[in-house]
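Undergrad: Quick one: the structure is below, and I'll ask about it shortly.
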Amino acid sequence: MSIYDTLNTEQRKAVEHDKGPLLILAGAGSGKTRVLTHRIAYLMENKGVNPWNILALTFTNKAAGEMRERVDKIVGYGSENIWVSTFHSTCVKILRRWIDALGYDKGFTIYDSDDQKTLMREVCKYLQIDTKNMKERSLLSVISSAKDELVTPEEYELRAVGDFTKQKYASVYKEYQKRLKANNALDFDDLIFKTIELFQTSKEALTYYQRRFQYIMVDEYQDTNTAQFKLIKLMADGMNDNGVREHNLCVVGDDDQSIYKFRGANIYNILNFEKEYSDAKVIKLEQNYRSTKRILEAANEVIANNVGRKDKALWTDNGEGDSVRFTQFDRDIQEAEYIVNEIYQTVQSEEATYQDFAILYRTNAQSRIFEEKLVVKNIPYKIIGSINFYARKEVKDLLSYLKTIDNGLDSLAVKRIINIPKRGIGLATIDKVDDYAARNNISFYEALRQADYIPGLQRAASKISPFVSLIEILKSKIAQPDYSISNLLDEIIEATGYIEDLKEQELENEDDRIEIIGELKSKIVAFEEAALEPPTLSDFLEEVALVSDLDNLAEDNNVVVLMTLHSAKGLEFPYVYLCGMEEGIFPSYMSIHADDPETEIEEERRLCYVGITRAMKRLSLSACNQRMLRGETQFNRPSRFIREIPRYLLTMEQNPFNSNPFRSNSHASLVPEFNNRLQPAGVTRPGNGYQPSGVNYKEKFSNSSGQAGTLNNRDIYAGSIFDKNKSTAPQPREFGGSNLGKIDYGIGDTVSHIKFGVGLVTNINNAGKDYEVTVDFSAAGTKKMLASFAKLQKLS
DNA sequence: CCATTACACATTTTT
DNA sequence: TGTGTAATGG
């Protein structure tokens, strides 16, 4: 029995396809990762393909990591030579080696969206652009789209002739790009763009990678943009050793799960793949292994409302399963309370554990209310997205120190920290230094070093020099062999008094912030420990630039996860709650009122399809008649997507709280007209006659009835089965983290530290809200550390 | 230079 | 509602 015996016919066909372009249309849950990994194994084992010649591209680190793991498992020897990584890190790897051909330094830094915005603010200031009319974000998205479409600033300028606005954009784009280069920095889009530029500039580089990557595989192909496609095409266009162009390009995707058009994903990459490669073979994977029949049929019915999709019919051998449930609540708080309570009950009954549940919503703003209820119920949870760990203030500050030490050319980082903690260096000073730097064509940091010569600085210069010496000292430390990145971080925190400064500011969530610094430290230590050779500071900063918190999902084990539908793509959960199924929320107000609502609604529908197909066992949909949005109450009708699910698949629940008898009547008009088929039909797709009205219920309701204004929380909660008084409980943000305030060891105890190993506690001082612990480590000597920070484990 | 306050603003966002 | 930026006065 071979590993390929477990594949179905189509999967097997895909796995055994070895030469020439291949498009795999893989429906949700059809085992596409399995196919990719098995195909890699097959190529190596049966076709003698050298692992060195295989490239597998994904969009997320998580996907790359999972594929790597699975490939390692089934391939065995030689798997480490297979190049499995994300588009962006692939490009970084290539650029680190060759980018000097484009006039950049190989030690370039990568700017995240925050950095981009800061840089854009500088650009706007310089070009005297009123950011009230042209917002940084929209300018950045113009530039991003240009880069996605491979339009250079020069080309953009040429195309802008005669169009005032576009000319403005062109000058912004030009200046922005100029400054990136001056900072020796690339933004995310540049990583792709510059790699293509490299390939077009250096024949040597292109040929090198074409020869190397004889077999290319691309996951989530529907999400590729024009630039990414160009990149793939360039690499896949090489000749093999016999001078033949084989185009051994295998792309896997699902046009129904294309949900990133707003970010430049070009759906025609997948729809027109066969036109681009006329000899392409197409294989459809239509058997779903994930969901029950009912869930899958609901998904199929919804997505069938889209036109212009590749014809597909997902089916499953799984059981019928429970019926899909749609629950209508009066208010958003009830929705949250009900769902959280149900999760609690289900776990109590030992039917499931917390990690089996996902709460999915359209916008991040919807998470808050669930978080409140989860805290009250003491249920461990994790919110994905909203604020990226690496986007937190404290983390950005400390990383900016590391960046400054690593690459003085990154002026953004230097400017960020020059007055953190406060050194009495203000905007006026920074402007003067900036001026001087620009005039002398040197970097901001270099200008700081020459502060004494900058005219008009007198007093400020004396404040600058200690900062420069500090950075120089730290630079010399990290240059020493055996001096680790975590040592450096400690040194930075100590030398700058960062934590003390944080405490002095007396911010309300001080503990959280300190905990976050501890987390950063752990991440650095973990990174250092995972590396085979001691990693450089640049290595670490690069890693940081390319990770998101979705990547760390596996770290927290038994928690309920909350995330947007976008973040949920590629994941699966036994129990899925799809909440906020309301017109104006999902589909979003923006899509309903877009210039081209048809297209935008289709993207929302694909998002809905993604959401539904995340569920394995049970799917619960819910909507609320009224919800608080940005401080005002909104009244929304249930989502059109609910109506697109045939009635026979759904169990309807009306306001299970049923606390206020008159309410259920007053809202009778909110019950959607359903696709009233009571029996399954064949391959039907009747238009159900529904016309998107685009009219928010808010108008209708407030015109026809004044009741809304007379209701308050008390009315709704009267007779509630839940205790409303609990909702004011204190709110820890996440579980499993800090033990702040209590430590389980004392003087004389033996403890272990993640890095320093085992040691004896010799002293403990009460340092405000934290403890300063002195430990005598057998290997590392005596160290003083903050308890919240060091995460010491008691051994005896 | 820094703290306070007023004000605008708010889809989704793998990297 | 709640956050992050711009304007203001000390």
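Cβ from N, Cα, C; glycine included.
Pasting the relevant annotations from TrEMBL:
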type	residues	note
DOMAIN	A:5-292	domain 'UvrD-like helicase ATP-binding'
BINDING	A:A26, A:G27, A:A28, A:G29, A:S30, A:G31, A:K32, A:T33	ATP binding site
DOMAIN	A:293-570	domain 'UvrD-like helicase C-terminal'
Undergrad: Give the residue from the binding-site residues A:A26, A:A28 that has the most other Cβ atoms within 10 Å of its Cβ, counting over every protein chain displayed.
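TA: Answer returned by the neighbour count: A:A26.
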Undergrad: Let's check the environment of A:K32 (ATP binding site): how many other CB atoms sit within 10 Å of its CB?
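TA: Result for A:K32 (ATP binding site): 22 neighbouring Cβ atoms inside 10 Å.
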Undergrad: What three-state secondary structure does DSSP assign to A:A26 (ATP binding site)?
TA: strand
Undergrad: Across all protein chains in the structure, which of the binding-site residues A:G27, A:G29, A:G31 has the highest Cβ count within 10 Å?
TA: A:G27
Undergrad: Using a Cβ cut-off under 8 Å and a sequence separation of 6 or more, which residues in the same chain sit near A:T33 (ATP binding site)?
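TA: The list for A:T33 (ATP binding site) reads A:A63, A:E66, A:M67, A:R70, A:D219, given in order along the sequence.
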Undergrad: Over the domain 'UvrD-like helicase C-terminal' (A:293-570), what is the model's mean pLDDT?
TA: 87
Undergrad: Taking the Cβ of A:S30 (ATP binding site) as centre, how many other Cβ atoms lie within 10 Å?
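TA: Step by step: centre on the Cβ of A:S30 (ATP binding site), count other Cβ atoms within 10 Å, giving 26.
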Undergrad: Translate the DSSP assignment of A:K32 (ATP binding site) into the three-state scheme.
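TA: Its secondary structure by DSSP: helix.
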Undergrad: Quick one: which residues besides A:A26, A:G27, A:A28, A:G29, A:S30, A:G31, A:K32, A:T33 have a Cβ within 8 Å of the ATP site's Cβ centroid, in sequence order?
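TA: Going along the sequence, the neighbours appear as A:V35, A:D254, A:L285, A:N288, A:Y289, A:R290.
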